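The ATP binding site feature in Swiss-Prot is assigned to Gly40, Glu41, Asn42, Gly43, Ala44, Gly45, Lys46, Ser47. For 6-245, the entry in Swiss-Prot reads domain 'ABC transporter 1', with the evidence type sequence analysis. The annotation domain 'ABC transporter 2' is assigned in Swiss-Prot to 315-564.
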Amino acid sequence: MEKVAFKMEHISKSFDNGKIKANVDVSLVVYENTVHTILGENGAGKSTLTSILFGLYKPDSGKIFIGEKQVNFKSSKDAVKHKIGMVHQHFKLIENYTVLDNIILGNESRFGFLPLINRKVSEAKIKTIMEKYGIFVDLKQKVSNLTVGQQQRVEILKVLFRDSNILIFDEPTAVLSDLEIQNFLKIIANFKKLGKTIVLISHKLNEIKQVADTATVLRLGKVVGSFDVKTTPVDKIALLMMGKELKQTKNTTDFVAKDEPVLKVQNLNLFLNKSLAYKFLVRCNNIHKAQQIKKNKPLKDLWIISFLNKLTTSNKTPKLVKGLINKLGLSYQENTDETISFAIHKGEIFAIAGVEGNGQSQLVNLICGIEKAASNKLIFNNIDISRWSIRKRINAGISFVLEDRHKYGLILDQTVRFNTVNNQINNRPFSSWNFLKPMEIALYSNTIIKKFDVRGSAEGSAVVRRLSGGNQQKLIIGREMTKQNDLLVLAQVTRGLDIGAIAFIHENILLAKANNKAILLVSYELDEILALADTVAVINKGRIVGMGKRDLMDRQSIGRLIMQ
């Protein structure tokens, strides 16, 4: 007979004095040594429910049992004592600390009664855990130098270090590349073999089918179904999640360029740019040269490229320095002289395909103005904007939806209403003579909230930090797509969204195309690119290795180019 790992009975939770009902009379049972997934749309109450299980929130009503024993968690410390661990969607790591210090933080081994940390004991335990579960990370590295996938492994090691038996993962694959996703799914399968109980929040039904045993579906905070994953068809799961059948969204028009390009990218080098050179020189303690770059002193761009090329290709360069160059996103020994060029026209969806880490982030950052390239030209509506600030580019008519929504898209401790206008608040009709117009802002904000179904917003008064990750993303997308701009730059625009929200965003991208907007779509989801793009460019190691119309760029040809 299966043993109960935990059960939750009649759990209810609301926020903002009952305005937002996150969970309504939710009950579920999870058995030991199984993978149980919690499914639902963005804002369905999945993260709230697991946060209650982890002690981050207290339920308004209901009971929690670990095994057969009822518990009352006052904080996450109580949950940890009961062998529950949680890996959050947004990692809780200190970037300036090493991997080792992040793992042991709050649970350090001491030298007897002395206030000194015994790192050797902790390090030995972590290495044993890494060997047992096949999860390896360099313990001496700073977290700031790790990839997203490696940071996730640090979070997993943190919960294993605390001897957790019930492991909760909130949207674990939302920020991972395809290869990292496959590695993560192997880790989950291994956890199950070794006796762990897994709770998985995800929107990706193909991943759920691979690893989950059972599932519970939430809709508007209520349970609408529980079932065996292996025997339930994907279509039925999607129907339970959405409450309706979804139509497939696909670009069926044949694009023909009729006008001058809205955006021309000329001779852009994705790996050698001033920003990264500056960081590199600071790390190498060459402060004088670094300051020259930062202050735009008369220092030839060619010098930077020459310096870096000589340094990175030299056999005398220490491995430590070459490793540092890699961490900064620089390429060495190949493709340092490669540049890319392309153009995007009105009414065109120009998609960038490729495996993560091949220059996509650098490309978007250079177009947005976050980074300045060593030598390039960016022509927007026949004007060279290469040296323009981010603000000037926005005011000129470029909209951005970037990968890191917390860093570049939102002010988390401000309201939803403020965030709908935060990069245009000084413009009409939202202000006049330096005075804000609250009625105009509220009207505009409510239009975006309703059109893009931003749930949990309390008519714009809710703090953005309170929203689910998917609803935060919908807020940014709604804000940027509502602007009357000529160019949309969309990077990983549907990452973290449920299947219904993805279909809705795809419809709006095609609507923007129909309204003659030029769209740059950067995505690691090949299905998304094939469904939406007019033109597909495949990027590999910082250069375009293939480009063509959608009809000529099928899955096989794109796959071959990606793997070159």
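The backbone N, Cα and C atoms fix where each Cβ goes, glycine too.
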Local confidence of the prediction over the domain 'ABC transporter 2' (315-564), expressed as mean pLDDT: 83
Around the ATP site (Gly40, Glu41, Asn42, Gly43, Ala44, Gly45, Lys46, Ser47), what further same-chain residues have their C-beta within 8 angstroms of the site's C-beta centre? Leu218, Gly221, Arg455, Ser468, Gly470, Asp498
Please report the number of other Cβ atoms within 10 Å of the Cβ of Lys46 (ATP binding site). 29
Mind telling me which of the binding-site residues Gly40, Gly43, Gly45 has the densest Cβ neighbourhood, counting other Cβ atoms within 10 Å? Gly45
Give the number of CB atoms, excluding that of Glu41 (ATP binding site) itself, located within 10 Å of its CB. 25
Test of understanding: give the count of other CB atoms lying within 10 angstroms of the CB of Ser47 (ATP binding site). 24
Students should find that the Cβ of Ala44 (ATP binding site) has, within 10 Å, a number of other Cβ atoms equal to 26
Does Asn42 (ATP binding site) have same-chain partners at least 6 apart in sequence with Cβ under 8 Å from its own Cβ, and which are they? Arg455, Ser468, Gly469, Gly470, Asn471, Gln473, Lys474, Gly496, Leu497, Asp498, Ala501
